[in-house]
């Protein structure tokens, strides 16, 4: 039996929600280990549809514990709002199905305001932040001035911590020509929400270690995608946290040996939201067709996603940087009916051939994809639940992707419905 880490193998929006929901049926605990409420996913459980941004997928499933780890930056008001929204759908979130790391960093209103100021006022190309305060909160965490969840339980210790926080932020606000924030305002903001979120706090690393030793199955749920990793992604058009699989250990407090199987999620094509390099992006009718058939709009932002052909180079990079054991390939049905399908196998940069995307931003902008053309299929893959249901050419496409990325396809998703999944290898049985 293996614990399983699920990571996006592209730029996010790969369909992790469905796969995590499918796997969470076998898990005892589902753990969020990085990011915040800046990336959402949709879960379909029976007739109910849940849209989550911060809560782990396990909270909507009976007898499963959801855990928010220390690697997450937590907006306490967003957490309370999401809990209330689920209550309206008949899902009660209590300490029985949710625990939050006591050392998780909090996102405050000043973080959201600073995030928006920087994005809206930045000269040149924008990073594409969701303006939810994620980046500024991580900055304060690294700068050792953050307010953490456990601090709300010790209100007498808050004033000096707030003073240290505001010494930094008010200096920034003066630079922006903004009114300074009072310590009382931050204290009131924290005091007003404390009773809503403190009941969930726990020493998460200890809880997870005991669960692991007790033979519990743990599913680590990544947000966004590995190509948005602050170190290994297309910097600076990335998120503010590490999104590769190794972060599951750091962001939960479990040692790396506790991670067994790494499952990467990848679409059968490629999408990206916001700015940044995208070598295989299609600006023609084919890209439009993929976007329309795939319903490519962001769960959280509603922004239209950019669409392009499958980039085997980038997914292969993720296989290597995340140590991916197998891939869940999603949205294969979107490619039904194409006469031919193209796959990027290399890049040409100034006449030189590359099998990976260089870290240089300038080189990324000059990268021209080198394509391999694969015949399409006229039949349908939508709703297929076994290999026998797939057109022969669709199977050849999947097999070629396996060869190019250096990892097997463990699961194949053929529609948004959770049961429309072809299982080749169960990650929990590794």
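For all residues, glycine too, the Cβ spot is worked out from N, Cα and C.
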Given Swiss-Prot lists 13, 14, 15, 16, 38, 39, 40, 41, 144, 224, 239, 303 for IMP, the same-site residue among 129, 130, 157: 130
Cβ-Cβ distance under 8 Å to residue 414 (GTP binding site), same chain, at least six residues away: 332, 333, 381, 382, 383, 384, 385, 420, 421, 422
Residue, out of the recorded positions 12, 15, 41, 42, 304, whose Cβ gathers the largest set of other Cβ atoms within 10 Å: 12
Spatial separation of residue 18 (GTP binding site) from residue 130 (IMP binding site) - C-alpha basis, Å: 23
Candidate binding-site residues 38, 40, 224, 303, 305, pick with smallest Cα gap to residue 12 (GTP binding site): 224
